[in-house]
Amino acid sequence: LQRVIVPKHSNQIRLSACAAVDCCAVLSCFACRWILCVCVCVSLIVPQPPTITHQSPKDYIVDPRENIVIHCEAKGKPHPSFSWTRNGMHLDIDKDPKVLMKPHSGTLVMDIGGGERAEAYEGVYQCSAHNELGTAVSNSIIIRQSRSPLWSKERISPIIAQKGQSLILHCRPPAGLPPPIIFWMDNNFQRLPQSRRVSQALNGDLYFSNVQPEDSRSDYICYARFPHTQTIQQKQPISVRVLDMDSLNDTLADYFNDTDLFSDKPTEERAPVFMVPSESVSSKMVLRGEVLEMECVADGLPTPAVSWVKHNGEIPSGRASFLNFNKTLRITDVSEVDAGEYRCIAKNRHGSAQHTIRVTVNAAPYWISAPRNLVLAPKEMGIITCRAAGHPKPSIRWLVNGLPIEDAPEDPSRSVEGDTLIFSEVQTGSSAVYQCNASNQYGYLLSNAFVNVLAEPPRVLTLPNIVYQVIMNKPALLECVTFGSPVPTITWFKDSRSSMLEGNAYVFHENGTLEIHMSHPSNSGKYTCVARNSLGLSENHVYLEVKEPTRILRPPEYRVVQRNRDVVFECKAKHDPSLVPTMTWLKDDRELPDDERFRVDSDSLTITDVTESDAGRYTCIMNTTLDQDSASAQLTVVGECLCATPSQPGVPTDLELTDQEARSIQLTWIPGDEHNSPIKKFLIQYEDALHQSGVWHNLTEVPGTKTTAHLKLSPYVHYSFRVLALNEVGFSRPSMPSRQYRTSPAAPDENPTEVKGHGTEHNNLVITWKPLTPLQANGPGLQYKVMWRQQDMEKDWTSVSVANVSKFVVSGTPTFVPYEVSVQAVNDYGPGPKPSAVIGYSGEDFPSAAPGDVRVLVLNSTLAEVRWSPVSPESVRGRLQGYKVQISSRHFSLPGSGYIPSAPSFFKVSTFDLDSLMLEWGPPYERNGRLTGYTFKYQTGEETCPFTLGTLTALPANKRDSSFTLHNLPHSTRYKFYISARTQRGAGPTLTEEAVTVLDRALSVTPAFGNISSSVSEDGALISWEYWGPEKHLYVEYIIDNSKNPAYWQKEKVNGSQFHVLKGLKKGLAYKVRVVARGHDDRAVHHSEELLVKVPAMVSPQVDIATQGWFIGLMSAIALLILILLIICFIKRNKGGKYPVKEKEDAHGDPEIQPMKEDDITFGEYSDEDHKPLKGSRTPSSGTVKRDGSDDSLVDYGDSGDTEFNEDGSFIGQYSGRSDRDARHDSSKPLSPVNAMNSFV
């Protein structure tokens, strides 16, 4: 809103001048001191050719009972005179006393009240307005008298129809001007019911697709209403009688003295046939902009249904309507796209019929560019264009002052080129009014445009010293209305004329108005607009005052009140001190009830003795003359007992994004059910699908009374939003996400923070910074421009661009010198803002000199003073942190002796869970001996004022411990803890800390976790859950079930998802698992129920080992190895060569007659399937050969731990396997891998 204040005395002169021509309106009066005038009366001082301002329509139908009034109004300077033509001939008004012309006007009034007939004044009229600068003409106005002729007398015979036949009742009204409106009624002036079976056509006839007995009646009456004369005429009643076939012959025989007039065959059902149009194809022409109506009425039994389609196109849904039970298609505002073939289809169960209507769209002339008035200075040039379209294409004809241009006096400065008039080097006497006539066979257009040649110096028409008042951050419009010929140029100045206003903060409109996009207090002041042309200049001063906005600081809050109690709504606001505020209260967007129980104060509304009718939404509105602000709150009235149990609110729905801007958007939603607890606020979260899909971040919060939020956005983010509601119980579940909104990339808005410079070597400088997040990058291709220069030594910056890092090392620097360092963010869309420089130092080196002149003065047995000379600053080569004094002494002590230790290095108490406290400490800095442990004590006390403590309780603590957790503590209890370290000499100083268990279980909040589950696979244990809380730091914690240390839970952080895989769990064990949400202080805020996860000894399913690939491959390798050994042995045997085993067999003699010991396990060579022993083979002592002994012989070698092969393939060592007894005697040797595995099993 913008307020314009004009001093009264400044306006009086202009107001009195404007009042003479009635062109000024007084819009506002502030305390009768200020008047706002919104007109400029140029016509009083500038000559102007005539202009037609008002005229009657081209086709003017008059009521013969009233006077005929033909309007023609025009303006000009001097004021124009008027004349008329009728049917192309001059109309002499003085000759006809019944015709008058209004004073100062061209309007004609024809008095026909004295018995004159209106037909005598029918014809084509045209008005002309003249002054010394030219002539303007009106359209040709056709005057016709309205006619409502009587219905011709006729006798209508009764109509007898057979049931099921089609029937048409013709109306045929008399031709009137304009055509009458037709409707059918009965004798009681009640409209006859119409339906899909019975309907009225466009020509007024009544169509029956098939008649039924209920159609029988004797008062079908057609009425015609003539709109201009407001008369209604009726046709003679039509009698219709519908007969069934059973009684038709008897009735007609009695009536006509005849028999069997109709056959006994009843009317059969039939397929549709069109009654109108009767032919299969019809054509229709319509003009552009008019209404197209097409109808199809069908005969059929049962009654056909009619539908419409357009061939190779669609029927326009916004402009098309289906009337008369789908029998009429009506299209408004017809354009060329509506041309084409339309098809109506009538269908019933016996078939269908089609009719095609070919629509052609023509067009009377219509303007593309109508001619406009032209004001020129002498010697200037200009053009007037007259462009019109139509079908067929209209022809353009020019007139000057009402005469064809070819018949007008020659003007060397004027030339005609089709639809354009060109003026060059115009002279003062070239002023005239030009008419453009565009016509085709369907109509014409006529427009006047004048050329006014003037030589006028600039004049500022805006009133001086106007004060514009506007609210801060709103646009301001400062007007500078000027007139001059040539057209003056406008320039604006502020406070003084030393500097012209320019820049992006201002918009200079063509009409001279100055617009300030965003008004700030610095924009307040005096503004001057200067108008210049070749004949001079003119200036005007206005003032701008920028006011503080009105804002409600404390809005009313939701109230739940019992009946007959009082309630108060507060509404505190601030406003600009120079504006007068007004506080208004509304109930449900209406005025407050006129009831003394409602008391409105300056910043509150009080309602006493509340009743159920007072419930509703109350809105406070703070108004000033420039702006306003409002806030609302709901009032709920309940009975004496508030018994309803509250629960968390319902899920918000219907998220909608509007007002989409580059850096902001409007989000609206519908809140869910409050569930007996008012909604305190809404939490809005967002997901960035581009950089961090699946992770929701908190964006902002709005009060529970609002359902709209204006969200500030960052560039280059794919946003999705969701809303959570919060009441006393907790948060609702998140809403469904909104549609995705993608912001465009842009240059960075900020640079990296925490920029530092330091050295890690004596000759380098390490520049570090905190990198931007993807949300801060604003676009792709993020890089960092690292810049440095030696302070006070180098003028130019050295720079380098890096990406995906947060530090850069500058090598070859002098030792410990100051550098100016800065880091600027750059992406593909440009650099960020200019960064500020920080001071950093290159690396340090060891001091090059040690302190000298070291002296020690012993003061007593326990105190000595050490003195030395300081080193020079140049030799430090870094920051001087101090001097290290080393003291060497000798003393003797007994083992374990010493002094008491110092206090623990730190001691803190934190909340581990709702009923647990964790104590953590560090060892003392000075142990002064061997630590033997720690002494813990604590006292409890109630949360009362004053705080009182109970008795001390001691806790044990081992010297190796550094933390301790107390479980199952009472709630809402204060604890004071004491800790000290101990040696054999005693306990050292004590540290104390206090803590409070924070919450009683009776006040448990709504669970933030739900549906926690687990599944175990080869990859680990998959833990999944649902989480509805706002905290972002989630951990999965687990511990072995029945662990000896139940307080030491292991935890793994969750990266924004609602599932996590625990890897490294030991097989065959059971684990307790829970999900914990922690706040920024790492305190557990919510945790899920504990879940027992059992990890089986073999997670993978049991399968048949014989089908496993590795087993088949191993067996194949063993079989191949055995085959190779057999081939080698067979070759050696055939060559007759001996190998150690053979020699041993020969030494023992013939194995057939030598007995064997039972505990010898031999490798026997067996014969073929007759089992006859070969020469050189051994048999068991029993003298029998086992059938499957050959299957086990090589296996014995496979099980032997010391069997080897020689180069020639012979065996080395004993041929026989090791016995169990030997194995027992050699148990100290390591087991084979197979035996080791068997021992495990």
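Cβ coordinates come from backbone N, Cα and C, glycine included.
What TrEMBL lists as compositional bias 'Basic and acidic residues' is 1140-1160 (among others).
The compositional bias 'Acidic residues' feature in TrEMBL is assigned to 1191-1207.
Annotated compositional bias 'Basic and acidic residues' per TrEMBL: 1218-1228 (among others), in sequence order.
Among the features that TrEMBL reports, domain 'Ig-like' is placed at 50-138 (among others).
The domain 'Ig-like' annotation in TrEMBL covers 149-239 (among others).
Residues or ranges marked as domain 'Ig-like' in TrEMBL: 272-360 (among others).
Here TrEMBL flags 365-452 (among others) as domain 'Ig-like'. According to DSSP, the secondary structure content of the domain 'Ig-like' (365-452) in residues is 6 helix, 52 strand, 30 coil.
The domain 'Ig-like' feature in TrEMBL is assigned to 458-545 (among others). With DSSP states grouped into helix (H, G, I), strand (E, B) and coil, the domain 'Ig-like' (458-545) comes out at 3 helix, 48 strand, 37 coil.
What TrEMBL records for 549-636 (among others) is domain 'Ig-like'.
Packing against the region 'Disordered' (735-758) from elsewhere in the chain are residues 651-653, 655-657, 660, 662-663, 665, 667, 669, 687, 689-690, 713-724, 765-772, 776-780, 782, 784, 788, 806, 819, 821-833, 835, 838-843: each is 6 or more residues past its ends and has a CB under 8 Å from a CB in it. Taken from TrEMBL, the feature region 'Disordered' covers 735-758 (among others).
Residues annotated as region 'Disordered' in TrEMBL: 1140-1241 (among others).
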Taken over the domain 'Ig-like' (365-452), the model's mean pLDDT:
93
For the domain 'Ig-like' (50-138) and the domain 'Ig-like' (365-452), check the count of CB pairs under 8 Å (sequence separation 6 or more) and say whether it reaches 3 or more.
yes
Could you check whether the domain 'Ig-like' (272-360) packs against the domain 'Ig-like' (149-239) - three or more CB pairs closer than 8 Å, residues at least 6 apart in sequence?
yes
Composition by DSSP (helix, strand, coil) of residues within the domain 'Ig-like' (149-239):
3 helix, 36 strand, 52 coil
What counts of helix, strand and coil residues does DSSP assign across the domain 'Ig-like' (549-636)?
3 helix, 47 strand, 38 coil
Using DSSP three-state counts, the residues of the domain 'Ig-like' (50-138) come to 7 helix, 46 strand, 36 coil
